Amino acid sequence: MTILNHTLGFPRVGLRRELKKAQESYWAGNSTREELLAVGRELRARHWEQQKQAGIDLLPVGDFAWYDHVLTTSLLLGNVPARHQNNDGSVDIDTLFRIGRGRAPTGEPAAAAEMTKWFNTNYHYMVPEFVKGQQFKLTWTQLLEEVDEALALGHKVKPVLLGPVTYLWLGKVKGEQFDRLSLLNDILPVYQQVLAELAKRGIEWVQIDEPALVLELPQAWLDAYKPAYDALQGQVKLLLTTYFEGVTPNLDTITALPVQGLHVDLVHGKDDVAELHKRLPSDWLLSAGLINGRNVWRADLTEKYAQIKDIVGKRDLWVASSCSLLHSPIDLSVETRLDAEVKSWFAFALQKCHELALLRDALNSGDTAALAAWSAPIQARRHSTRVHNPAVEKRLAAITAQDSQRANVYEVRAEAQRARFKLPAWPTTTIGSFPQTTEIRTLRLDFKKGNLDANNYRTGIAEHIKQAIVEQERLGLDVLVHGEAERNDMVEYFGEHLDGFVFTQNGWVQSYGSRCVKPPIVIGDVSRPAPITVEWAKYAQSLTDKPVKGMLTGPVTILCWSFPREDVSRETIAKQIALALRDEVADLEAAGIGIIQIDEPALREGLPLRRSDWDAYLQWGVEAFRINAAVAKDDTQIHTHMCYCEFNDIMDSIAALDADVITIETSRSDMELLESFEEFDYPNEIGPGVYDIHSPNVPSVEWIEALLKKAAKRIPAERLWVNPDCGLKTRGWPETRAALANMVQAAQNLRRG
C-alpha cells in the first residue's frame with residue numbers, strides 16, 4: 001500500500017500576480033482575448049510543473065478559474081442568468097466576466113451576481129442564481145480542456161469538480177420562490193456527462209468537493225446525498241472531498257455513499273483518525289488533510305507523522321493539504337526582507353508541497369530523520385523571545401470583568417455626550433475614509449520606496465488632511481473625520497504599528513476576481529510600542545471646532561484579516577490586540593478626541609461554520625471589542641461600523657458591544673435591515689447608511705429623505721444618524737461632494753420638519 005500525496009488546489013494568480021494584470025489589461029481593452037488565454041495556459045503549465053518538482057504525485061486540474069471556481073461551475077452547468085446571456089445562446093469568457101463584474105469587453109452591461117464569502121475564509125465566490133423551471137446542459141468545457149492540456153504535458157492528474165449538492169447549497173433562488181434542492185435531478189445529468197468525458201480520457205480519480213458536508217445541514221439536504229451519488233457512481237473513482245471542519249457529525253451520511261475515498265481536513269476538524277479508520281468502509285481510500293492550506297506556518301511534521309502513522313498499511317492512504325492552497329501565498333523563497341529566524345517559521349504553497357513530499361516519503365519508509373530536521377525551526381520558535389512577551393501575557397491574565405464594562409450605562413453616557421457635543425437632530429457624518437487620489441497613493445509609495453523623506457511625507461499627508469477638513473466644513477457635516485490619507489489598508493496600517501506582526505513582499509492571496517490581498521502575519525504576542533493614530537487625529541481636530549472622530553480598526557477584524565498564530569487561540573490574539581488598542585483609545589481621549597470609531601466589519605464573518613459553535617466565538621469577540629472600548633469616559637462617544645446583510649441571528653451580540661452609535665450598510669436593502677434593530681428594540685443610536693458607496697451614482701435629496709423617513713418609522717428619530725453606507729476611499733471627489741451635499745441637505749430638510 002504505497003502512500004501518495006496530492007494537493008486540493010493551487011494558487012491561480014501567479015507569483016507576480018500575472019493573472020490579475022492580464023485580466024485587468026483585457027478588461028481595459030489593452031490586450032486581446034487570445035493574449036489573456038495565453039497567460040492562463042502559461043500559469044497552469046508553470047504551476048503543475050512547480051508542484052511536480054516539489055514532489056506532488058497527483059496534480060489538481062480544474063482548480064484554475066478566470067474569476068472564481070463556483071462561477072466556473074455555473075458556466076459548466078449552463079447556469080447563466082438571462083441578463084448576461086449572449087443573443088445566440090453561446091457562452092464565452094466575456095459571459096463569465098459579465099456575471100462576475102457586471103460588464104466585459106463584449107456584450108451588454110447588467111447587474112453583477114451577488115458575491116459572498118467562501119465558507120469561513122477571506123475568499124469570495126459569485127452566488128449561483130436559480131429560477132423555477134431552469135434547464136441545465138454542459139456548456140463550458142474549461143475543465144475538459146485543462147485536463148487535455150495537463151495530459152499532453154505528461155502529468156498524472158486528478159480533476160477537481162465542485163459537487164452537485166454543495167453547488168446548490170451555495171446558490172440563491174431568484175424570482176418566484178421554490179426549493180432549490182429540487183433542481184438536483186436536473187443538474188446530475190451534466191455531472192454524469194462530465195464524468196463520462198473524464199473516464200474517456202483515462203482519468204482514474206476525480207476530486208469531487210462537497211464542503212457542505214461539514215455544516216449542520218437540514219435533514220433534507222443530507223438525505224439528498226445518497227441519490228445524488230448513486231447517480232454519479234461507476235465511471236471514475238470519486239474522492240469525496242471536505243474541508244474547513246470535521247465530518248464526524250455527518251459520517252453516517254458519508255459512509256452510505258457509493259464513493260471510493262474520502263478527504264478530511266485534519267487541521268481544522270476535530271475528527272479522530274483512529275475513529276475515522278474504524279468507521280469508514282475498509283476498501284475506501286482515506287486522504288488525510290494534514291498540511292494547513294490556509295495559513296503560512298511551517299508544519300511540525302513529526303506531529304503530523306504521529307497523527308497518521310497508526311493506520312499506515314491498514315488501508316489505502318494519501319496525504320494532502322487540508323484544503324486548496326488557494327488561500328496561501330505561492331513561494332516563500334522570493335521573500336528577501338524577512339528576518340531569517342522568522343522566515344524559517346513559514347511555508348507558503350510550494351513549501352507546503354515539499355512538506356507533503358517529506359511526509360509521504362517518511363510514511364512509506366519509516367525514516368523520520370528528514371521530518372525532524374524540517375520541524376526544528378518551528379519547535380525552536382516555541383521558546384523565541386520574538387513570540388513571547390511576558391508583559392503582554394501578564395496583562396492578559398490580569399483582565400477582569402470590570403475591564404470590559406463602561407463606567408455607566410448608555411442612558412447616562414448619552415446625557416453626558418449630548419451636553420458635550422450639542423449635535424443637532426439627524427447628525428451627519430461619514431464612515432472614515434475619503435477618496436484615495438493618485439496624489440495620495442503616489443505620496444505613500446514614494447515614502448515607502450525611500451524617494452521622499454519623512455518631513456516632506458508628513459507635510460504632504462497634513463495637506464491632504466487639511467483639505468478633507470475644509471471639504472467637510474464646506475459641506476456642512478456635523479461630525480468630521482481626518483480622511484485616512486496616511487492609511488493603505490485598514491488592517492495593514494495597524495499591523496505595521498503593532499509589535500507581533502510581520503509583512504511580506506509577495507504574500508498575495510486571491511480575494512475575488514482580480515482582487516488580491518497581502519494579509520499581515522501575527523507571529524507573536526501583540527502590543528503597541530507607541531501611539532498609532534493620535535498625531536493625525538489631534539492635528540485634524542486642531543483645524544476645526546467641530547468634533548473629529550478618531551478611527552480604529554477593531555480587534556476581531558484585525559485578527560480575521562490576518563494570518564493568525566497557531567500556537568495560541570484566536571481568542572487570545574483578539575484580546576491582545578484589544579488591549580493594545582485600548583491604550584490607543586485612552587491616548588486619543590487624552591488628546592481631546594471625543595468621538596472614537598472602532599470598526600468591526602469582520603465580526604460576523606468570523607462566525608464558526610457550525611451554529612452550535614457560535615456562542616463561544618461571539619462571547620469572546622464581543623468581550624474583545626468591549627475591552628478595546630471600555631476605557632472611554634462617559635462623555636466620549638464610541639462608534640462602530642459594520643457592513644453585513646444579516647443581523648437577525650446575532651442581534652444579542654450587536655447590542656452587547658454597547659457602542660454608543662452603530663453605523664450599518666442599509667441603502668441596498670431599502671432600510672429592511674433595520675427590522676432586526678426594531679424587533680430587538682435596540683437601545684442605542686444607529687446610523688443607517690443612506691447611499692451605496694460602491695456605485696458612482698449620486699443619490700437625490702428626495703431619495704435620501706425618503707429612506708430616512710422610512711428609518712424613522714422603525715427607530716426613534718432622536719437616535720438616528722445620517723451617513724453613507726461605507727468609507728469613501730474608492731470613490732472620486734466629484735461624486736463624493738455631490739452625494740454628501742445631498743445627504744446634508746436631506747438631514748437639514750428633516751430638521752426643519
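Each residue, glycine too, has its Cβ placed from N, Cα and C.
The structure displayed is predicted, hence computed values, not measured ones.
Among the candidates ASP310, ASP316, ASP587, ASP599, the residue that Swiss-Prot names alongside ILE431, GLY432, SER433, GLU484 for the L-homocysteine site is ASP599. Annotated Zn(2+) binding in Swiss-Prot involves HIS641, CYS643, CYS726 plus, out of the candidates GLU623, GLU665, GLU705, GLU735, the residue GLU665. Of the listed candidates (GLU473, GLU600, GLU605), Swiss-Prot assigns GLU605 to the same 5-methyltetrahydropteroyltri-L-glutamate site as ARG17, GLU18, LEU19, LYS20, LYS117, ARG515, CYS516, TRP561. Taking a C-beta cut-off of under 8 Å and a sequence gap of six or more, CYS516 (5-methyltetrahydropteroyltri-L-glutamate binding site) has these contacts in its own chain: VAL13, ARG17, LYS20, TRP508, VAL509, GLN510. Remark: of the binding-site residues GLU484, GLU605, GLU665, the most isolated position is GLU605 (fewest other Cβ atoms within 10 Å of its Cβ). Distance from the CA of SER433 (L-methionine binding site) to the CA of GLU605 (5-methyltetrahydropteroyltri-L-glutamate binding site) is 22 Å. In the three-state DSSP reading, GLY432 (L-methionine binding site) counts as coil. Within 10 Å of the C-beta atom of CYS643 (Zn(2+) binding site) sit 19 other C-beta atoms, taking all shown protein chains into account. Counting only the Cα atoms, the space from SER433 (L-methionine binding site) to CYS643 (Zn(2+) binding site) is about 15 angstrom. The distance from the Cα of GLU665 (Zn(2+) binding site) to the Cα of ILE431 (L-methionine binding site) comes to 10 Å.
Cα of HIS641 (Zn(2+) binding site) to Cα of LEU19 (5-methyltetrahydropteroyltri-L-glutamate binding site): a span of 33 Å.
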